[in-house]
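Student: Input: one structure, supplied below.
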Amino acid sequence: LPLLLEATLLRLASGSHHPFYNGFFYNHIMNDKGNGQEKVVYFNGARLVVETPKDPVYSSNGANVTLPCHYHYEPDLEAKRKIRIKWSKLRDDYTKEQDVLVAIGKTYKAFGDFQGRAHILQGGRREASLIISDVHLQDDGKYRCEVIDGLEDESNVVDLRLQGIVFPYQPAHGQYRLNFHEAKQVCQEQGAMLATFNQLFQAWSEGLDWCNAGWLADGTAQYPIRQPRKPCGGVHLAPGIRSYGPRHRHLHRFDAFCFSSTLRGEVFYLDHPDGMTLEEAKQSCQDAGAEIARVGHLYSAWKFLGLDRCDAGWLADGSVRYPITKPRANCGPAEPGIRSFGFPDKGRFGVFCYKER
């Protein structure tokens, strides 16, 4: 065996007449003719570098956004090269990445919900930036910009964050009744989506304090605490996000943390001298050319449009709530927020309607 190893090393040394750079070359690559003959591909000596911003890119629901990505070579290569660009979205639960777009030159293909909304910015030299138009709630997250030059493949990540608001949600039948899939569904029914950890952390940093655990988009159950107290993890724990970690998505049940962004329309209040039942409220909104507002609509209007109304109104889920931005007597607690009357079986109230622009 030592003699065989020595002979192999001598043969490799004697065969070093092949030109290569930085001590690397790619061997045993099938040629383009597909006839099984080997072709040696040599490293060109330049390193491919992909650059994206370190800070998050912020946008909002319905807006257009550009995710910057550029590439270059070190040292620089002047010759024009046939580059393939691929964008993909990283999933919150770390499963397979979602394909967004692939492009070669001016030819590109977008996938799934990004069809018709995503394309490469046709700008300067070595541009790989992605433009997303009509941003959707589910567009929030991390995107990978990948540049492929032959056998060279480099990538970097852009963090797209939507300006929005996180709100806890319990259905009419009470606390801790939702498995993961049901939580995801109820958030969608409220004009929202399950919040990510980053969104919940941002909401906590802005003052959200909630002692009930709720599902997040990655399949974990967590809750934000600003004021430590005995029923919420104990008084000796520091403020922060309490986590139960990943839970069984079918068997375990919690509330939900939903995320809603800026509105594409407006929320307004309708009243009647005698109030309205839920069905009458829905009809009143339809008569006004609108629909009864969802919980996410009300939170967004309160957060971004300053909606302030000290009158309780029906929402689409059968709950009765009202938004307060300027606390005052007879309008609930001393802090701004969305006040809730729960899900009354009967009663007559006004209604909050939503109309898209």
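Any Cβ shown, glycine's included, is placed from N, Cα and C.
As the structure is a computational prediction, the values presented were derived from the model and not from experiment.
Feature list, courtesy of TrEMBL:
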DOMAIN    47-158  domain 'Ig-like'
DOMAIN    165-260  domain 'Link'
DISULFID  C211-C232  disulfide bond
DOMAIN    266-355  domain 'Link'
DISULFID  C310-C331  disulfide bond
Student: Over the domain 'Link' (165-260), work out the mean pLDDT and round it to an integer.
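Tutor: Across the domain 'Link' (165-260), the average pLDDT comes out at 96.
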Student: How big is the Cα-to-Cα gap, in Å, between C232 (disulfide bond) and C331 (disulfide bond)?
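Tutor: C232 (disulfide bond) and C331 (disulfide bond) have their Cα atoms 27 Å apart.
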Student: For C331 (disulfide bond), which residues of its chain lie six or more apart in sequence with Cβ-Cβ distance below 8 Å?
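Tutor: Within the chain, C331 (disulfide bond) has Cβ neighbours under 8 Å at C310, I324, R339.
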Student: On a count of neighbouring CB atoms within 10 A, which of the disulfide-bonded residues C211, C232, C310 is highest?
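Tutor: Result of the Cβ crowding comparison: C232.
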